[in-house]
Amino acid sequence: MDVVIEVRDARIPLSTTHPLMDQWLGNRKRILVLNREDMISMADRNAWATYFAKQGTKVIFSNGQLGMGTMKLSRLAKALASDVNVKRRSKGLLPRAVRAGIVGYPNVGKSSLINRLLKRRMCPAAPRPGVTRVLKWVRFGKDLEFLDSPGIIPMRISDQAAAIKLAICDDIGERSYDVADVAAILVQMLARIPTVGITALQNRYKIDMDGTCGKTFVQKLALHLFNGDTHQAAFRILTDFRKGKFGWISLERPPR
């Protein structure tokens with residue numbers, strides 16, 4: 001590959017990169033795509049843009065569902081790999097298309113991004129992890145090729161805080177976590193975010209929140225709306241967050 005495009009979830013950019021990614025890519029030219037930019041605030045977007053710019057990382061914000069950022073991505077990929085055909089010509093070889101590999105965690109929107117670029121459905125995509133199972137080359141015009149790849153995730157995630165955020169954002173399969181536990185932690189996280197807070201949770205579900213105990217809140221919601229079914233109550237909270245019912249917010253901020 002001439003250039004590697006790593007796609008991450010803009011809500012949790014630090015938690016959606018494989019710990020070995022830098023080692024694997026080495027000195028290859030790299031573009032970082034923060035997908036789902038529509039799910040975070042402008043303040044979050046600006047904070048992450050500044051952070052990665054200081055690191056010297058070329059970053060593009062995108063919305064794979066609507067296609068925002070896709071044309072900028074194709075132009076940057078071709079620009080970064082422009083020396084490929086310069087070298088080929090110097091060796092008497094014919095020019096070829098730039099090869100860009102797209103990598104990232106499951107369900108961060110890699111295939112949707114390619115489909116939006118091509119303006120047609122070339123790669124299977126769905127809002128759940130594990131849809132892409134094979135490597136697939138797709139051509140974009142005459143001078144660019146994309147390699148769509150299955151999501152890669154560590155066999156064991158040692159950082160439990162990252163694992164919880166992956167579960168909250170639906171970037172790992174539901175069978176790998178306890179919905180009630182994850183929802184309880186999400187409630188506690190939302191209660192501490194100034195733009196959400198306890199008041200927003202109470203107003204949405206019409207129940208009081210005693211302190212910041214997420215588990216108690218999930219149990220109260222279960223009794224209030226779901227005849228005591230905590231799984232259903234937890235799933236409602238997670239779904240509401242994923243649909244932006246508490247506002248579009250990032251669960252991570254750039255390190256200081």
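The backbone N, Cα and C atoms fix where each Cβ goes, glycine too.
Unlike curated entries, TrEMBL annotations are predicted automatically.
The GTP binding site annotation in TrEMBL covers N35, R36, E37, D38, N107, V108, G109, K110, S111, S112, G151. If you look up TrEMBL, you'll see 100-159 marked as domain 'G'.
Cβ neighbour counts within 10 Å, taken over all protein chains shown, single out G109 as the most crowded of the binding-site residues G109, G151. Around S111 (GTP binding site), taking its Cβ as the centre, 26 other Cβ atoms fall within 10 Å, counting all chains. Here the domain 'G' (100-159) has a mean pLDDT of 71 out of 100. Cβ neighbour count for N107 (GTP binding site): 26 (other Cβ atoms within 10 Å of its Cβ, all protein chains included). A simple way to gauge crowding: the CB of N35 (GTP binding site) has 27 other CB atoms within 10 angstroms, across all the protein chains here. Here GTP is bound by N35, R36, E37, D38, N107, V108, G109, K110, S111, S112, G151 per the record. The longest Cα to Cα distance in that group is 22 Å.
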